[in-house]
Amino acid sequence: MSGIDEETKKKLVAAALVAMDKAYIPYSHFPVGAALLTEDGNIITGGNVENASYGGTICAERSAVVRAIAEGHRKFKGIVVATNSLKPASPCGLCRQFMFEFGDFPVIMISGKSDEVTTTSVKDLLPGGFGPQSLADFAAEGSAKNSS
Ligand SMILES: O=c1ccn([C@H]2C[C@H](O)[C@@H](CO)O2)c(=O)[nH]1
Ligand SMILES: [Zn+2]
């Protein structure tokens, strides 16, 4: 369904679970791990990192994307998001927007506690989203240079 072969999916799931166990979660105690598959087959992980300010917290999905960008990867074939709840949790609005920036790819949500898996995609999580194309369209209209 996601177009990712079973062996790779297993690797992504294992990597997401390892990242989930490394999450820094002193406040919510809700660990999340993410594993991104890059176009060239690399797996880049991230966990949620909470902050005493609460608002400074970064989710696992964004941690993984930031890490991937820092390592020179900008094209993704999919992401596995693992939580330790019975039901897989779906990415927050900020993470949906953050992933939308880098195109449409499968989002596979898994539970660290059950076999439940939900597969969707970035576009389905953020229909009608605002992205790079929105700004490119605006620039093509020629409007950008006429406003202050
Ligand atoms: O998709 C999600 C949803 C929540 N969180 C984190 C943020 C915070 O640390 C904790 C509770 O919201 O879970 C993620 O990392 N990813
Ligand atoms: Zn998020």
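Cβ coordinates come from backbone N, Cα and C, glycine included.
As given in TrEMBL:
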type	residues	note
ACT_SITE	E61	active site, proton donor
BINDING	N48, V49, E50, N51, A52, S53, Y54	substrate binding site
BINDING	C59, C92, C95	Zn(2+) binding site
DOMAIN	7-133	domain 'CMP/dCMP-type deaminase'
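Among the recorded positions listed (C59, E61, C92, C95), C59 has its Cα nearest to the Cα of N51 (substrate binding site). Neighbours of the Zn(2+) site: apart from C59, C92, C95, residues of the same chain with C-beta atoms within 8 angstroms of the site's C-beta centroid are A60, E61, R62, P91, G93, L94, R96, F98.
Averaged across the domain 'CMP/dCMP-type deaminase' (7-133), pLDDT for the predicted model comes to 98. A52 (substrate binding site) sits 20 Å from C95 (Zn(2+) binding site), taking the C-alpha atoms as the reference points.
For ligand 2, the binding-site residues lying close by, meaning a CB under 6 A from one of its atoms, are C59, C95; the full candidate list was E50, N51, A52, C59, C95.
When the binding-site residues V49, N51, A52, S53, Y54, C59 are checked against ligand 1, C59 have a Cβ within less than 6 Å of one of its atoms. Taking the C-alpha atom of E61 (active site, proton donor) as reference, the shortest distance to any of the binding-site residues N48, V49, Y54 belongs to N48. Within the domain 'CMP/dCMP-type deaminase' (7-133), the DSSP-based counts of helix, strand and coil residues read 40 helix, 34 strand, 53 coil.
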